2 protein chains.
Amino acid sequence: MNDVGVVETQYLLLSDMGVHEITLESGAKIGPITVAYETYGTLNETRSNAILICHALSGDAHAAGYHKEIGHKPGWWNDAIGPGKAFDTDRYFVVCSNVLGGCQGTTGPSSINPRTGKPYALSFPVITIGDMVQVQWYLMKHLGIEKWLSVAGGSMGGMQALEWALRYPENVYSAMVIASTGRLSPQSIAFNAVGRNAIISDPNWQNGEYYGKAIPEKGLSIARMIGHITYLSEISMEKKFGRKLQNKKEFSFDFSTEFAVESYLHHQGQKFVERFDANTYLYVTKAMDYFDVAAKYGQGSLKKAMQKISSRMFLLSFSSDWLFPPSQTQELVDALIANHKDVTFYNIDSSYGHDAFLLEVEKETSLIQRFLQSSSKLWQEDRYEAA
Amino acid sequence: MNDVGVVETQYLLLSDMGVHEITLESGAKIGPITVAYETYGTLNETRSNAILICHALSGDAHAAGYHKEIGHKPGWWNDAIGPGKAFDTDRYFVVCSNVLGGCQGTTGPSSINPRTGKPYALSFPVITIGDMVQVQWYLMKHLGIEKWLSVAGGSMGGMQALEWALRYPENVYSAMVIASTGRLSPQSIAFNAVGRNAIISDPNWQNGEYYGKAIPEKGLSIARMIGHITYLSEISMEKKFGRKLQNKKEFSFDFSTEFAVESYLHHQGQKFVERFDANTYLYVTKAMDYFDVAAKYGQGSLKKAMQKISSRMFLLSFSSDWLFPPSQTQELVDALIANHKDVTFYNIDSSYGHDAFLLEVEKETSLIQRFLQSSSKLWQEDRYEAA
């Protein structure tokens, strides 16, 4: 299979569109805003083949292909985006942007506040999934798109896809909510809270004012390690590591990193601190904690919230995902069905846990392709009828 | 129901028995050793009514009744130990001791090393569940007991009960392995590893040399918070907290402790650092990581390991326990059955997660009582036949 080749991240300054600041769900205002994004494929004449890909907690705008300057590191969903792939760039114009509050080019707590000349740090306002989506809406306008063929994402990306369908129904023909949920459960809030606590407890954190100094890498690493436990399943951990020791056969009877699973987590923690901003971790996990579409759109009723949906909905869960378990997707599906919405739902049998949405590419590909093709056709028919 | 009333912790110095040091599984030697223990009820003339209760990670010797000096705080398993209770002190002589490596009276890393006059800290040797059990064996001898009617425990206490049955089959008439496992899974090792990492990353930890100074309370608190997430189930978190906010109705859009579940975890973390030693947390979790009866007693085969069992075995799991899930108890049961051992197994339907073993007292009581009564009778018959 081919891929999209060398790509470049582009930057949109909302102020170039005359948008100097935006109002957030909290009521706070923030601006100026820069949005880092990438595009793959070509927008067709009718502007009806555009797909927005939304990234998860630790993702960025670089979803597919390779960056020239840092060699051959592929985008985070390169397996799913490209010619002939699930999101087929021979057919579709695929867009991905870094979220508001992020640390990979879009304005976030590590960005310079032009009013002070210093990074925002904790003076950056607390944001929501809705705020992230609002910024993506401006990107859509900038690209000359009036309606996405689909907005798609896994995990926190799926929350954004769902939020798009609720917040901007007129701009979303279909939405794909993958390995995600309509609200963060107390267990997930708990894991996020402990991760944030680890960061905040790191003396290097310095109330968020660590830029240009030693970073709170120990705290961020612990947060990431906790995260990775929740991304795997018990079965996948058994298969991948079992009780294997790292590079030896006998117990060392000390506190060195000893089991293979410990070594994996330490490695993941270390890799993460080299590329991710600790304050962004705080902001983005908090946005997830706040996510609850029943509360926001249905006065507590998920069924009532789902009334607002007019997009075709595609939902995918994975059997061994215990972070956002199939039951949480099922709740969304039930509420959509109760409102007679156009719903497609698959629960893929997989041992990979939450990470499955990035790993079960083969199983996902035909499901996603078929849904996008039918959405494309149905939308075309709708337009003929309307014309 | 009554309880055992006011009790006092007693202290056994193994050197008073002529045991000046013991050899650990690592090959290291440690001594002198003090064992903190409590007893409830009366040892009968035939010394055939003694039950050893083994505590979990954060437990201690104070399993039942009240200490005079600190008011009315009941022992950690007061609901299950006392007159007419599961472990009926009108019938049985119940013993509980703090584990080796602990911090509640038994020798551990916070104890003074008589050779240096300073706390051991990390010069304390790394211990195993088997080492804990070896120390309990000396306590048994000191109490004039040759065979326990039963050795019982939940979680890490269940590991000790299983280890007793394998290490000292001649001293254990029956063993009760509750909410436990025959080996720590990679997922559990991962959670322990992250908890230890949080402690070690706390600058106050000072390579374990924090005694008499500021303690690594932030790291220990994070470790405890992680632990508590694994002790609850998703269902029990939903029931207990849901997405409720603590003391308010609107999001605060800041990083204060906001959700009820966060507040609960912070509270648990805070309470824990007031009573528990961070180094003991390292040692005891490491002992759990090493626990694998198939590797130790069966050259990797659980079935082979279970051949060595001669005690009556009672195993209890809880449906929503995802730390030591029912499937792990089932593996033990299957291996025992394959060896035609005397096995009693119940999987109790409960929403409380791992904590269920402390909370589902009503469901446990009759099961435990019945098993102890039948064990008592069967042992008596065995003795008549032998006489």
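Glycine residues also receive a Cβ, built from the backbone N, Cα and C atoms like all the rest.
Under the three-state DSSP scheme, A:Ser155 (active site, nucleophile) falls in the coil class. The Cβ of A:Ser155 (active site, nucleophile) lies under 8 Å from the Cβ of A:Ala56, A:Leu57, A:Ile178, A:Ala179, A:Ser180, A:Leu323, A:Phe324, A:His354, A:Phe357, each of which sits 6+ residues away along the same chain. Taken from TrEMBL, the feature active site, nucleophile covers A:Ser155.
Taken from TrEMBL, the feature active site applies to A:Asp321 (among others). If you take the C-beta of A:Asp321 (active site) and look for same-chain residues 6 or more apart in sequence within under 8 angstroms, you find A:Ala179, A:Ser233, A:Ser350, A:Gly353, A:His354, A:Ala356, A:Phe357.
Positions annotated as active site by TrEMBL: A:His354 (among others). In this structure, A:His354 (active site) is part of a helix by DSSP.
Under the heading substrate binding site, TrEMBL lists A:Arg224, A:Asp355. A 10 Å cutoff on Cβ-Cβ distances gives A:Asp355 (substrate binding site) a total of 22 other Cβ atoms nearby, all chains included.
What TrEMBL lists as domain 'AB hydrolase-1' is A:49-360.
DSSP classifies A:Asp321 (active site) as coil under the three-state reduction.
Reduced to three states, the DSSP call for A:Arg224 (substrate binding site) is helix. Averaged across the domain 'AB hydrolase-1' (A:49-360), pLDDT for the predicted model comes to 97.
Cβ contacts within 10 Å of A:Arg224 (substrate binding site), excluding its own Cβ and spanning all protein chains shown: 25. For A:His354 (active site), other Cβ atoms within 10 Å of its Cβ number 25.
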